[in-house]
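*Asks:* Have a look at this one before I ask anything.
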Amino acid sequence: MGPPPYDGCMTAADQPQVAPYDALLLLSFGGPEKPEDVVPFLENVTRGRGIPRERLEEVGQHYFGFGGRSPINDQNRALLAAIREDLAAAGIDLPVYWGNRNWDPYLADAVSEMRADGIERAAVFTTSAYSSYSSCRQYRENLADVGAEVDGAPRLERLRQYYNHPGFVEPFVDETVRALGSLPETARDDAHLLFVTHSIPLAMNDGSGARGGAYVAQHLDVMAEVVEQVAARIGRTPQHELVYCSRSGAPHIPWLEPDVNDRLEEMAAEGVTSVVMVPIGFVSDHMEVVYDLDTEAMATAEGLGMAAARAGTPGTDPRFVALVRDLLLERAAAERGEVPVRTTVGSLGPGPDLCAVGCCPNPRAPRPAACGVDS
Ligand SMILES: CC1=C(CCC(=O)O)c2cc3nc(cc4[nH]c(cc5[nH]c(cc1n2)c(C)c5CCC(=O)O)c(CCC(=O)O)c4C)C(CCC(=O)O)=C3C
Ligand SMILES: [Fe+2]
């Protein structure tokens, strides 16, 4: 997993090699920071996507309930600071920028700033771990758009998907063990684990990855790995399953199910009395987590008389921050023609540096996307 932390005795020759890159760009979703931002933010997210008016009003209320401020931008500020510290501690002198798809600071502004600073070729880390149109190709389309929009934009090379990197998986293991331990003693031993991710349309899952179905397959692989590591720690294998949150879209279009709330009701009827929710679909505790899980699903569990706890997301866990450095150094080595170690856990192996032709297709109409074998 990358070089050892900088111990103060490193010589220039020992410094990890980031060439050919001269910058790193953190690319994220973005979120509103005050009540006036909420509606224009939602318009940015849903433009041309056929999300019913009622759903938008409902989601707007989630944001207003938190003072019109999503936690996501502050979480990215913290991640940005942690990445800068981690790189510096490893003796890597590389500027790190941040831009979003849907809200200020926008990707185009970050890339304009990079161009003004003379950046020529940057690696791009997205806050999205899995393969699907929303979590992969849509970011690649954003990179293609900004390349066309910003004259003289640097080359932007998206780092591979990292759902099965130990720096993403291990924080969930620790947090699952911690959350189990936070349940009342009588509820601990038969608590079920509910692994939770963002629902997407069935058709989007069917198209995800190079051969289809990758979104669900990747989550099942992460779930199996977390369960195995948790079992090794607690000496038993808890019951576990994958469920979904944050369904959107028109009601007649099928999305991945079961919804976490529906499943909690069924489980209560089946006699389950305690659960731990493990939000493996998410990198930080943003609105989907603090509203859809901590507010809505927790209220559902409480209403059913179940004991419930939630595991935290990677956020700024030092292992997750070091993952960014590991992927950067891995890709830099590959671009120099070396054959780097590509660290993964689970059964699926590392994803490609460049996405396959036609993977994770745009559900509406094909658009140019960067960072594919055909771009
Ligand atoms: C797979 C996936 C992830 C996980 C991977 C990743 O992290 O990238 C994710 C993350 C996020 N989704 C977010 C917010 C929203 N997503 C929406 C809508 C949608 N998401 C979708 C998928 C995903 N979304 C889809 C298929 C739609 C339907 C419309 C469309 O086809 O695009 C809507 C519109 C209202 C609604 O319909 O809910 C909002 C406001 C925020 C910000 C949270 C904050 O502010 O803290 C984050 C991190
Ligand atoms: Fe979303």
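A Cβ is built for glycine as well, from the same backbone N, Cα and C atoms used for every other residue.
For SER70, TYR139, the entry in TrEMBL reads Fe-coproporphyrin III binding site. Annotation comment: TrEMBL describes HIS198, GLU288 as Fe(2+) binding site.
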*Asks:* If the criterion is a C-beta within less than 6 angstroms of any ligand 1 atom, which of the binding-site residues SER70, TYR139, HIS198 pass it? List them in sequence order.
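*Replies:* List returned for ligand 1: SER70, HIS198.
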*Asks:* Between the Cα atoms of TYR139 (Fe-coproporphyrin III binding site) and GLU288 (Fe(2+) binding site), what distance do you get, rounded to the nearest Å?
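*Replies:* Checking the Cα atoms of TYR139 (Fe-coproporphyrin III binding site) and GLU288 (Fe(2+) binding site) gives a distance of 19 Å.
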*Asks:* If one measures from the C-alpha of HIS198 (Fe(2+) binding site) to the C-alpha of SER70 (Fe-coproporphyrin III binding site), what distance in angstrom results, rounded to a whole number?
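*Replies:* Given the Cα positions, HIS198 (Fe(2+) binding site) is 17 Å from SER70 (Fe-coproporphyrin III binding site).
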*Asks:* Cα distance, GLU288 (Fe(2+) binding site) to SER70 (Fe-coproporphyrin III binding site), nearest Å?
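*Replies:* Cα-Cα distance, SER70 (Fe-coproporphyrin III binding site) to GLU288 (Fe(2+) binding site): 10 Å.
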*Asks:* So if I draw a 10 Å sphere around the Cβ of HIS198 (Fe(2+) binding site), how many other Cβ atoms end up inside it?
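*Replies:* Around HIS198 (Fe(2+) binding site), other Cβ atoms within 10 Å: 23.
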*Asks:* I want to verify one value. Collapsing DSSP to three states, which class is SER70 (Fe-coproporphyrin III binding site)?
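*Replies:* In three-state terms, SER70 (Fe-coproporphyrin III binding site) counts as coil.
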*Asks:* Measure the Cβ-based neighbour count of SER70 (Fe-coproporphyrin III binding site), defined as the other Cβ atoms within 10 Å of its Cβ.
*Replies:* 25
